[in-house]
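**Student:** Got these off TrEMBL a minute ago, pasting:
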- 31-51: transmembrane segment (TRANSMEM)
- 58-78: transmembrane segment (TRANSMEM)
- 90-109: transmembrane segment (TRANSMEM)
- 116-138: transmembrane segment (TRANSMEM)
- 144-161: transmembrane segment (TRANSMEM)
- 181-201: transmembrane segment (TRANSMEM)
- 207-227: transmembrane segment (TRANSMEM)
- 239-256: transmembrane segment (TRANSMEM)
- 262-280: transmembrane segment (TRANSMEM)
Amino acid sequence: MKLKFKSCYQANGYFSITSLQQINNSKMIELLFIIKLLVAIAFVIGLSILAENVSPKVAGILSGYPTGSAITLFFFGLEVSPDFAAKSAVYNMMGLTAALTFVYVYYIASRYFKRFNILLSSLSAITAYFAVVSLLHLIEINKYIAILIPITFSFLFIRLFKSIENINIKTKAKLNYKILFVRAFFAALIILVITSVPKFVGPTWAGLFSAFPTTLFPLMLIIHFTYSKEHVHTVIKNVPIGMFSLIIYSLVISIVYPLHGIYVGTLISFGAATVYLLVYKKIRSVLDKRELKKTAIEGE
């Protein structure tokens with residue numbers, strides 16, 4: 001009887017520990033989701049306001065700044081290990097290729113369809129995203145390939161988007177609490193759908209969803225719905241430029257997380273992504289001044 005009682009106690013003890021671990025994991029997942037949702041909503045609303053008050057061009061560039069991916073990789077490092085997060089960052093870089101294809105197909109579809117433009121453009125872009133990610137999963141990935149492919153695609157799409165004109169929003173929607181609430185609700189709805197679908201489609205497709213542009217897509221829809229497809233095209237034109245900051249962020253994560261841990265590693269990676277944007281801004285400013293000077297001389 002004693003042995004039986006002891007065995008039962010051990011089993012119950014094991015069950016209690018396992019249950020506590022499951023509860024803690026569940027709470028951590030819920031916390032991760034809430035943080036991602038709040039950050040994503042704030043980022044989408046912030047970019048939409050930036051597009052209206054500064055320019056869609058700037059919003060397009062900043063849309064590549066790491067937000068959702070940064071939170072996900074950080075929690076991977078916190079919950080599992082820095083090494084696991086570092087390896088995940090490599091696959092995250094590959095997923096950016098599909099994200100770039102997403103915006104390109106949205107651009108092409110929005111020019112082609114005359115009716116139900118937003119709906120059909122969105123469906124076309126989502127289909128293209130999954131088609132590309134499915135093909136990428138057939139490739140044997142290492143860090144060099146994971147860097148080369150998204151960089152190559154970024155330059156390719158910069159070239160393809162070269163003819164798109166950068167236009168500003170002249171007649172701005174009057175912002176009030178109602179509009180901000182609608183935008184927040186709209187962004188939250190899309191993010192909830194995108195992040196909930198993997199629960200019902202299994203682990204393979206859940207992995208395919210990991211690099212989906214959860215903040216960029218709501219931004220594009222808000223601008224398209226509120227203004228016009230031409231304004232969305234300006235955002236799209238500048239996405240590949242901003243995407244380099246996310247490539248740099250993921251690359252640095254894959255290197256520094258195993259060496260310095262997730263806290264210092266995250267700061268270093270954000271610093272590297274920010275430096276890229278500042279350097280790009282400086283170079284772009286110099287080139288624009290030269291172009292203006294050249295135009296002025298030719299005009300004389």
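Glycine is no exception: its Cβ is also placed from the backbone N, Cα and C atoms.
Unlike curated entries, TrEMBL annotations are predicted automatically.
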**Student:** Short question: most Cβ pairs under 8 Å with the transmembrane segment (31-51), which of 58-78, 116-138, 144-161, 207-227, 239-256?
**Tutor:** 58-78
**Student:** Flag the pair the transmembrane segment (207-227) / the transmembrane segment (116-138) as in contact if three or more Cβ pairs fall under 8 Å (sequence separation 6 or more).
**Tutor:** yes
